Amino acid sequence: MLGNVSDGQIAGKHSMRDQAATLEPEEEKQPKMQQQPPQAEHRPRGGTMKFTYASGSKPLDGFTIKRGVGSGGFGEVFYALSDAGKEVALKHIQRNLDIEMRGVTHCLNLKHPHLVALFDIRYDDAGEGWVVMEYVRGENLKEILDRRPNGLPPEEAIRWFRPIAAAVGYLHDHGIVHRDLKPGNIFNDAGTIKIGDYGLSKFISVSRRSGQTESVGTFHYMAPEIGKGVYGKEIDIYALGILLHEILTGRVPFEGESSQEIIMKHLTAEPELRGVPEPFRTTIAQALHKDPTKRTSTVEEMLANLGVSKNESVVASLHDNVTIQNHAPGHAENPPSQSIGAADDRDPIHRAMTGAVQSVSHWWNNDNISLFPKVLVLAACSIALITNLGWLAPLGFLAAAAYMAYLLGRTIYLHMSDAPSKTPITEYSPYHPVVMTRKERARQSRKQKRTRRERERAALAAIPLDLRMKSLIGSFLISAISAAVISLLALVLGGVSIEAPLATWAPLFGWLTIMTICASWSVLLLGKLWEPSSGDPWLRRFAMVGVGLLLGMIGYTAGNTLLLEMPISAAGIETSSGWHENLNLRGWFQSVHQSPSASTFAIVFAAQFGLLRWWKQADPLRKTRLSLWTIGFTVLTSAVVNYFCPFIQPWGMILVGATSLVVQISAPWYSLRERDELRQSQQINAETSA
Amino acid sequence: MNRSSAEPLAEAPSRRQLWVDGVGGFLLLTSPDILIGQATPQSGVDVPILGDLSRRHAWIRRRGSEYVIEPLAEVRRRGKLLEQPTALSDGDQVQLGRSVVLSFQKRHPLSASAVLRLVSSQRTEPSTDAILLMAETCILGPRSCNHVVCGGWKQDVVLYKQGEGLHVRSPGAFQVNGHAVRNKSPLAADCSVQGEDFSFYLERLAASA
């Protein structure tokens, strides 16, 4: 290392001489920075910019290092000037010297306008190897995509992709596989695209397994068969597919927070390409085939899929114009398979039902059917339903009760057995870069589909307490107002005439409003408390049962205080001629002959709150802001509860429906875009505060 | 303005090369008046450009926090030929002669310093990524309004003028020429500065090339 210091002093002199016409004595210009010895112990680790050689040092005869540029898996890269003033990049090979050098030697005389030129291989006094390369001044593709997170428009994407593909094709023609294609290796040198870092990294698996300096990003471009030790040119095609996707959309198709997660997606998940326009979609889908033999076989083929040819111009620059065929090549009508990553954990009955509903709604929404038959069908169904309600309703409730019992049993069973993952796991050799045990893999693949949701949850958890309190208070206000409005509406819906004297309906209205507010506030409060994590649903249900008990007591007390006669026999109801008369067939309604006891109140409310996962209705990450299905299901549950535990009707059911409606209206809800923003801002915060 | 009568260069060089590891190389100019011209031996300009332009092509003069370009040859600002000294504002593109295009940036709200960048394909001599016209401070750091944008740095590092020389300011401990310092330190004409996540070098250049 001392040798380096003296070298550096010489270097200072030399570089001075060629940099500027001298106006001052030589001694004066000797940089004093050489007091700083090269810090061999400060190898770059995890992103910090510490380089072995300081500015002005001269480890390699004839070149003066000016600054560090970056570091890769095999060593550091420096910007240096030759004694004559030629700008070069010096790559210091610090690992697998012999093998890396053999690889570089193969590439030393390759010439292509879109490849970063290799000038020479040199060895320093210590016997360490250096690759002398062309210095590329411009931005790399990674920096450009960082600035434009939504990707580039198709024409510009082609302007980038064609020269990249041409250079990779040239490498393949010369029997060389790049193996490390990624945006950080692709540069825009004053309008000319250049690929660097070829001929290196022969030992991907070795360096990946042992290399702590490697970032997760490296795994984003790795074809699945790399795990088996297969390094054919197909892995470059795969990486080109990933690159094309990233250029177009700004993101890689397989994202994850750990290398294991990303590798698992490369092995099992299908890329989600719905947002990608043709002909890119098909081209990417064919390039990302898991089986290398079924993948697009050559770069030329890939370019042909895009409707551009490699030979259109040898030197493509970013200023060239290109046209893209707007139709898909070959079997374009084959839509790429959808993601199988999101395995279905709904129960089979639910799935069958949803399937049936979907097919019906598909038929319903079909444009070929005109309005008239639709109205006819709707009217016929309604009439059939109303006339047969007498036997349909109890049957329906029985079925619903049976289904709930089944659901409960299934959930408990799944909970107990912790069923193994259904996702098929591709076998790969123990030489895989990251060796995972079977158990780990199973856990990984189970975890996989939830990670996005989990990240969103984590982002929610990061919202400061005061903001969350603010949002909760806002929700409370909205819910109070909407509760009053909805209670009034419910009153009318329930057949109470508002024209009647105030005294006849005001107590009922008051009771409904108070109960709706109390119920929705409890749900909102608990939902806010529980939103940062997914938590144990059974514990939460238990807590909800407690809340339900409390609400039951409040309901009983409020009813008594308001001197409400239950079952309500106010004049307003007697005069009503509403649909609820039809429900008044058998079962629960007649069985209430006097006001329900406090214990009935408690049981009914506890059951209604314990049976459903109410906090999900207040979750900011729920699927839609207001789901009529959820309200319907909630009311149905309430009906089932009331069937077994007689309660005042229809007000019990209306109260539950109103609560569900109010909760969903007043609880905050993030759209998909807002969730993405939230997640990203949280990630940025996490990264900057780290 | 006669450059040869400028301040004694041995004590406080007005031209320095700033090498920032992992970021780039910059020409750091501390004089309020900057002469731009062709890079020829003994041309005596502050910003020598290897391009098709006059030996002495234009002055950029700082007055307070304003910058004025004074054409000595053909200069266009935003496509318009300049006859007389004209003020520059952030984002201006200045064309010198037929083919040299510079962009002028003055982004940092707390500093009067500005950044010149060669937009066309020519290079300066010595080659740089940008030319820093330093008023009182030059701020290196992760934010995009900084004079030198250094992604990956945790916080700003400020170079500032004090007396005849340059000083550096950065919260916490760092090293200047291998000596541990805290928070701030004067800088020699040639020096290395290394902190937790940053490292850069200052190298003096002749007062004018």
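Including glycine, each Cβ sits where the backbone N, Cα and C put it.
It should be emphasised that the depicted structure is a prediction, and the values quoted were computed from it without experimental measurement.
Taken verbatim from TrEMBL:
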type     : residues  : note
BINDING  : A:Lys91   : ATP binding site
DOMAIN   : A:63-308  : domain 'Protein kinase'
REGION   : A:1-54    : region 'Disordered'
REGION   : A:326-345 : region 'Disordered'
TRANSMEM : A:375-408 : transmembrane segment
TRANSMEM : A:472-496 : transmembrane segment
TRANSMEM : A:508-526 : transmembrane segment
TRANSMEM : A:538-558 : transmembrane segment
TRANSMEM : A:597-614 : transmembrane segment
TRANSMEM : A:626-644 : transmembrane segment
TRANSMEM : A:650-672 : transmembrane segment
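Ranked by the number of CB pairs under 8 Å to the transmembrane segment (A:375-408), the listed stretches A:472-496, A:508-526, A:597-614, A:626-644, A:650-672 are led by A:626-644. Here the transmembrane segment (A:472-496) sits apart from the transmembrane segment (A:597-614); fewer than 3 CB pairs are under 8 Å, leaving out pairs fewer than 6 apart in sequence. The average pLDDT computed over the domain 'Protein kinase' (A:63-308) stands at 83. For the transmembrane segment (A:508-526), the partner stretch with the highest count of Cβ pairs under 8 angstroms, out of A:597-614, A:626-644, A:650-672, is A:650-672. Note on the residue listed as 'ATP binding site': other Cβ atoms within 10 Å of its Cβ, all shown chains, come to 27.
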